[in-house]
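Quick one: the structure is below, and I'll ask about it shortly.
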Amino acid sequence: MDFKEMNQVQAIIGSLTPYQASMVFEFDQLSEDIPIVSITPTATPPQPPSSLIQMSADSTTHMQCIAAIVGHFRWRKVTAIYERSDKFATDSGLVTQFSDSLHLFNSFVEHHLAFPHMSSLSNPEDLVETELKNLKRKNNRVFVLIQSSLKFAALLLEKAKLMGMMEKDSVWIVSDEIASLLDSMTQSVTSNMQGVIGFRTSFVDNSDSFRKFKLGFRKKYSSKYPEEEEHSNPSIYALRTYDAVSATARAIKDSQGNVIHSKSVLEHLLASNFKGLSGEISFKGSKLAQLPTFQIINVIGKSYNEIALWSPKFGNGLVGEVGAVIWPGGGQTVPKGWSLGATKKALRIAVPARGAFNHFVKVSYDQDRNETYISGFSVDVFEAAVKLLPYHLPYVLVPHYGSYDEMVAEVYNKSLDAAVGDTEIMAERYEYAEFSQPYMESGLVMVVTLKPDTTKDRFMFMKAFKMDMWVLMAMMSFFTGFVVWLTEMVENNPEFRGSSVSHHVGSMIWFSVTLLSFAQRESIRSNLSRLVLAAWLFVTFIVAACFTAVLTSMLTVQRLEPSILTVEYLQRTNAIVGCNGNSFILRYLVNALHFLPENIKQINSITDYPNAFKNGDIAAAFFVEPHAKVFLAEYCKGYTTAGPTFKLGGFGFVFQKGSPLAEDISEAILKVTEKGTINQLERHMLSFSNCSSSTGVTDGPSLGLAPFSGLFLILGRISALVFLITIARILERQPGILSFVQGTLINCRIAKWALFLLSRGYTKFGSRFSRGNSIQGPNSRINMAGDTSLGI
């Protein structure tokens, strides 16, 4: 404003802070469009002033780049640190921008720390040290310096290193305004930045124009600051400043008239289009039209390595394969980004001590040694998952004598760090805690007693075989009878002759029926027929024996069935049901299945259920599926499941909201599951059972096709072979039929070869089993003894 009143300037170039940029709108009303060119990132107001021109990407783009780095390495929570841009600014909008960018990667800002501008502090070292001590007590170890001056960043990183906050499991990320100055930093500063990740604006540094500028820049800079000659390489800010001055000079030169108007300079400046040292200089609105590309770098030794690229034009993720990173502390394993805090106390993990099924969690106390022992299936699964974590996790298991809901509530209010046990994952519990991947599938099932099946079935004999077996038996009986009948007709067996087609069809069907019991009266003359009947006799003998055995078993062994089949029956009759009163099942029966509360009996031990059934206190019991497996394994005789399974979320481990341990344990559970460890632990848990069946229900052992498939295959092949031989002999005796078929298929070479083989090969084979046959030759008439009038 002072420049404007003195009429001394046509443009202003500088590094505007976000607070100063926000004041440009007020200045814009008085400046008559004096162009203000900012070479540093600034936050763009909702209605940017027309006079503000940005020669760099805005702060939102920078926050998106940091978020992409956080998302790539899968850190859930971060701590944002920034130095206010000046003594008047708050810069709170930066944290909001950063938080919004992190949401795309399911991450968030857990803590943020704002330092006053360093120039306003009388003793900045004490303040930095105090705030870092507070941060060190927290668990998060991903620190992001989203805005800072170089002087403040050097002090912060120096103190962090001295306080042990740049060791293993720690992550430090710096923004472009620090990373772009690495070439100008002394070794005393870079030595405190080992393992730091940052991003810097990418530019072409191998062009002739850049080499010429770099040579002149270093010469002038060294003459003015000889003590910094080794660190006099131009940064991106020097290149942007040079391009801003060049663009402004061109705009002033292009402005017409003897009097240069600021508005004309602004218009020509926005119309700039040339290739500068920092990149393409052209504007879209008041911003650079070219989207920036950032180099992701890793500080190592006296220099840095480029590990990846990022640009908004490439999407949200990092571009290309990310190179190897040396993290703070010298390790190459990606830090988990959190720790147990400065005290590193063991996590207090609760286990349910009053569970009805101690096969999952068992809490016992040794009075002689004054020690508490905790074991069980759920504990074994958790310990197996912890062994697969890439870091050591100190923890202690603490018995919890309240309900499961109370245990989850204590994790929510941070009285406990986590909970391990047979805890069901429920939507209402998800509001207060975070769960791991389910380590066991679950659903609500109904267990009832068994009763004898007293129903009378008039067609019980049909249940001895499955329907497909009955159908195949009928088909094979008909086919076998047909083949034998056809063969005997060819042999001119007088007992198979008939005067009409209907008589032939009836005889064939009746013969097929009588074959089942071998009650046929007709004599068999052909050896081919005897071959088929021998195979049929063998099959029917075995099938009949199996049928007798199965039917005998069904008639003598007592069949059992569930005493109650549906949940609706319990509700309709107001029957009393039992459940674990220490779990969610009581609430589920009332709210979801609409049982009356007075019809629900709370039972808190697995040993109390059999007595409750025996005394008639309950008609059914409701368990989650894993508990039902244990109950039926221990009391397998007399009980079974009935009705539908109501799907639930499964068993999982409970953690505090936002706990990174939940994700790590979930990944470990998947690995344990894929290795088959959970199945082995489950089998070990149920190994106490001597039951051969978990349900106790005995159904009729109906037989299907599988046990007889080999027999029917042999019978089918023999019958098919005899059938083909018989057809060949029919064609042999009826030259007219053979000529007709040959004439119809005259153009089919395969058919002619097939007919030739039938007439010469199968006929010769069949003649061995027939009587009175003679073959004159391939081209002569075939003479056969007997009547050839077959009625076909």
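Easy rule for this one: first residue shown is 1, then count along the chain.
Every residue, even glycine, has its Cβ placed from backbone N, Cα and C.
For reference, TrEMBL lists these features for the protein:
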DOMAIN    348-688  domain 'Ionotropic glutamate receptor C-terminal'
TRANSMEM  469-486  transmembrane segment
TRANSMEM  531-555  transmembrane segment
DISULFID  CYS636-CYS691  disulfide bond
TRANSMEM  711-731  transmembrane segment
Do any residues of this chain, six or more beyond the ends of the transmembrane segment (531-555), have a C-beta under 8 angstroms from a C-beta of it, and if so which?
460-461, 463-465, 473, 476, 480, 483-484, 487, 515-516, 518, 524, 700-703, 707-708, 711-712, 714-715, 718-719, 722
Out of CYS636, CYS691, which of these disulfide-bonded residues shows the lowest number of other CB atoms within 10 Å of its CB?
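Taking CYS636, CYS691 as the disulfide-bonded residues, the minimal 10 Å Cβ count falls on CYS691.
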If I take every residue in the domain 'Ionotropic glutamate receptor C-terminal' (348-688) and average their pLDDT values, what number comes out?
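Across the domain 'Ionotropic glutamate receptor C-terminal' (348-688), the average pLDDT comes out at 86.
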